[in-house]
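Everything on this sheet refers to the single structure shown next.
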Amino acid sequence: MSEVAERWGSRRAFIMAMTGAAVGLGNIWRFPYMTGENGGSAFLMLYVIFVLLLGLPVMMAEILVGRAGRRTPMQALSHLALENGHSRHWRLIGLMGAATVFFILSFYSVVSGWSFEYMFDALGGNFTGMSPAEIGGSFNTFLADPFKVIFNHTLFMLLTMSVVAAGIGSGLEKLNNLLMPLLYLLLFVLVGYGATTSGFTTALSWLFTPNPAAIDITVVLNAMGHAFFTLAIGACALMAYGAYMPDRQSLPTAVIAVACLDILVALLSGIAIFSIVFSQGMDPASGPGLMFVTLPIALADLPGGNIWLGGFFLLLAMATWTSSINLAEPMVAMLQSAGLKRGVAALLIGVGVWLMGLPSALSFSSLADWTPLEGKTFFDLVTSIPTDIFLPLGGVLIAIFATWIMDRQRAFDALGASTTLCRGWLWVTRWISIPLVIIVLISSLWHQG
Ligand code: PHE
Ligand code: NA
């Protein structure tokens, strides 16, 4: 259980690694459809509030534990707990995190596979001359084909696990740092396209005009879960990366930069998608297919449409690739500390997650009628419960650990900020973030039962 010696090459490299984990399907795919299903501006407002009040403090808590421990999440948790006279059972937070990301990665891979399919289709010219209605229809036809869906899911898992097996510091990060600015640029182009459509002003007012009447406990729970999901926190995934954080770097500065970028990407994607939704007279609440039926309509309309579309899905695949590598990290770290070699750990996890992904892949075909709970398909459940319940639960435990269990000076040192900032973080985490998560989780359980 000794400390790791490796560090990310530079402060910038660490910020890039965090950004790679944070920016992904959460921003471009999940944020728009969740906003659409949860009353537009009401969801957006709550999501931003949760990112500020919970996301930033908990993200700092999570990374500082990894940084202070300089070990895999479970080892860091038990080391820091023992050191301060507490039980080593606190490491079970790491176990819960590994279980949570197991389920999240299973559907993440399936949905990333959808964008592979779109990339291949676009580059093959399949969207040429299709009407918006045909584009919408082709999505459902694709989802109903178990062979294609599983093929892409398999491909995605292979790509992810081969990088995971190689360990951090592979060439992928460098490639990604080079390509992500292009994705952001393309999102600006899409917003620009959106601005030329008739739905643009409706989209803006639907997203930004406050609508507190649309808020209920479900919207609150969904927005809270999404804040954790999009920032990649609550499952010890960023904690694992924190172990390699350079020695001299301010954690608050890095975290604020990543969160701002994460919100920006979500907003761009939301504005682009809802402009198309409203100009095409579509339903904002049409669910997980929203991005797949709107963005091709816009991009296929530009000159050289297939290239734009293929490029977009390629960049999206890159973004989801780096997120899924981070998703796998808590599991790999856990198996590694149990004595397995990295490659073997990656293989086991890859096979397990692939199998777990199958019911999600089939939720739109052979398992479409299988609704284990409250009329929801397996896909509906696996995309909501781990994110909305288990990420916040893990996050609140990590926050409790960082502010009540581990040594205070250790925590402040790992934050790497001024004493005032450290005290501010401690106060907000203890008295705002932790109670807020607990209140939301309990009220929604109350509401269910
Ligand atoms: N933050 C990623 C996204 O927005 C998803 C993720 C969740 C990654 C949890 C790691 C851990 O797509
Ligand atoms: Na995100």
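Each Cβ is built from the backbone N, Cα and C atoms, and glycine gets one as well.
Annotated features in TrEMBL:
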type	residues	note
TRANSMEM	12-31	transmembrane segment
TRANSMEM	43-65	transmembrane segment
TRANSMEM	92-111	transmembrane segment
TRANSMEM	150-170	transmembrane segment
TRANSMEM	182-208	transmembrane segment
TRANSMEM	220-242	transmembrane segment
TRANSMEM	254-278	transmembrane segment
TRANSMEM	307-328	transmembrane segment
TRANSMEM	340-362	transmembrane segment
TRANSMEM	389-406	transmembrane segment
TRANSMEM	427-446	transmembrane segment
CB contact flag for the transmembrane segment (389-406) and the transmembrane segment (307-328), at least three pairs under 8 A: no
For the transmembrane segment (307-328), sequence-distant contacts whose Cβ falls under 8 Å of one of its Cβ atoms, 6 or more beyond its ends: 17, 20-26, 28, 101, 104-105, 108-109, 111-112, 115-116, 118-119, 122-123, 127, 156, 159-161, 163-164, 172-173, 175-176, 179-180, 182-183, 186, 189-190, 232, 235, 237-238, 240-241, 295-296, 299-300, 346, 349, 353
Long-range neighbours of the transmembrane segment (92-111), counting only residues six or more past its ends (CB under 8 A): 24-25, 29, 72-74, 77, 149, 153, 156-157, 160, 229, 234-237, 239, 288, 320, 323-324, 327-331, 333-334, 349, 352-354, 356-357, 360-361, 379, 382-383, 385-387, 390-391, 393-394, 397-398, 401
Positions whose Cβ lies under 8 angstroms from the transmembrane segment (150-170), at least six residues beyond its ends: 6, 8-9, 17, 109-110, 112-114, 116-117, 241, 244, 317, 320-321, 324-325, 328-329, 332, 342-343, 346-347, 349-350, 353-354, 357-358, 361-362
Surrounding residues of the transmembrane segment (427-446) on its own chain - C-beta under 8 Å, 6+ positions past either end: 53-54, 57-58, 60-61, 217-218, 220-221, 224, 389, 392-393, 395-396, 399-400, 402-404
Tertiary contacts of the transmembrane segment (254-278), as residues 6+ beyond its ends and Cβ separation under 8 Å: 11, 14-15, 18-19, 22-23, 26-28, 31-32, 35-36, 40, 44, 47-48, 51, 55-56, 59-60, 63, 184, 187-188, 190-191, 193-195, 197-200, 202-204, 206-207, 230-231, 284, 290-291, 294-295, 297-298
